[in-house]
Amino acid sequence: MIKIYDTMTRSLRDFVPLTENTVNMYVCGPTVYNYIHIGNARSTVAFDTIRRYFEYRGYTVNYISNFTDVDDKIIKAANEVGISTKELSDKFITAFMEDTAQLGIKPATQNPRVINYMDEIIAFVSILIDKGFAYVSEGDVYFRVTKSNNYAKLANKTLEDLEIGASGRTDAETDRKEDPLDFALWKAAKEGEISWESPWGPGRPGWHIECSVMATEILGDTIDIHGGGADLEFPHHTNEIAQSEAKTGKTFANYWMHNGFVNVDNEKMSKSLGNFVTVHDMLKTVDGQVLRFFLATQQYRKPINFTEKAIHDAEVNLKYLKNTHSLPLTEEVSQAELQAYLDAFQAAMDDDFNTANGVTVLFDMAKWINSGNYDETVKDAFEKILQVFGIVFEEETLDEDIEKLIEERQAARANKDFATADRIRDELAAQGIKLLDTKEGVRWTRD
């Protein structure tokens, strides 16, 4: 059985879906005001890998990942370049889809955009007001945190902890709130900003309400898994829980999953620190599969340190797997030995999607394959495991002149003309083709 580390309970729990053999997942997507950086891509790759493993295990996955296209950062960025917020969002949504396609990310079941859910957001906020969980103040609408049952339980904080942190705050928005901890569900329009009509006057939604509405509209009041980066645990996911459960009276998500950060020199990669590298720029010099492999093969909850050496190691390891995949097939091999590798891989991945242990099994299997165990059944199993990591190798073919040289070398070896055989081998090596003579015949790989 798959076990998931649930942030809410701080424990490893058996995964039991609401509907048998179906997984409903909502993963917070990007705020589309710029290209995503490697840290953002970590979340995208981690949850794509988790989704792929569920599918490997036979589940149908409804995978929802949103685009936040209404936000302060988008408004600011659009104003700076003199275009509409929609034009800016459209540009970076397209860039996101193109960049993540190179990382082998499967298309989501749906990628909802906030701009398409405005009526539903207004209706959601209205219900919270009617139930006494929210109030209007000078055109803004705020959520009453003190009315929420066990607020901040996800972040393992108490109201007292938060109140200490909020003490002493003073600004115009705080003055409009009943309590400094209250958060905005709806923001009154400011001059020159995009806005929508509402019962409380023109304005736009707050960030937290957007995800609650899109998740529940598409997947229902309770979902199996809600995921995102560890930085979203508080306040974003905390506030999603508060407002969603206030509206429905039901548990919002049964499992909460959070991926670790990408660090540079052991410091979190972020735009605010200026130590980030965009995926868009990285893909100009690094193959998308290499970057994917670097991100996918670390246990998703642990931080990753981003270094040139780590990328180089991923490239070398991926090349070994590619060469293994291209080996010629052998005679039928031991199914018991194959099953042992499959069982070990499943045991690793069932343990909270431990890709670090899973990839160790993958390389053990590759070593076994290279020792002459590679029939159709093994190749199919090997490819399916690679696909969990988002890796698909195209079948490689050789040019006719290369094939002819290999045949000439085989003939020379048969005639014990080893000088000619060695000359052809060296000629092929100069072209990046490495030959390996085995009892099953000659194998080749590309350097």
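The backbone N, Cα and C atoms fix where each Cβ goes, glycine too.
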Checking feature assignment: motif ''HIGH' region' per Swiss-Prot, candidates 8-18, 30-40, 96-106, 151-161. Which range matches?
30-40
Can you say which of 68-72, 178-182, 268-272, 413-417 is given as motif ''KMSKS' region' in Swiss-Prot?
268-272
Same-chain residues at least 6 beyond the ends of the motif ''KMSKS' region' (268-272) whose Cβ lies under 8 Å from its Cβ atoms:
34, 37-39, 261-262, 303, 306
Identify, in sequence order, the residues in the chain of LYS271 (ATP binding site) that are 6 or more apart from it along the sequence and have a CB within less than 8 Å of its CB; answer 'none' if there are none.
ASN34, HIS37
Around the recorded Zn(2+) site, report the further residues of that chain (criterion: Cβ within 8 Å of the mean position of the Cβ atoms of CYS28, CYS211, HIS236, GLU240; site residues excluded), sequence-ordered.
TRP207, HIS208, GLU210, SER212, HIS226, GLY228, LEU232, HIS237, ASN239
Determine how many residues of the motif ''KMSKS' region' (268-272) DSSP places in helix, in strand and in coil.
0 helix, 1 strand, 4 coil
Under DSSP, is CYS211 (Zn(2+) binding site) part of a helix or a strand, or is it coil?
helix
Could you work out which of the binding-site residues (CYS28, CYS211) has its C-beta surrounded by the smallest number of other C-beta atoms within 10 A?
CYS28
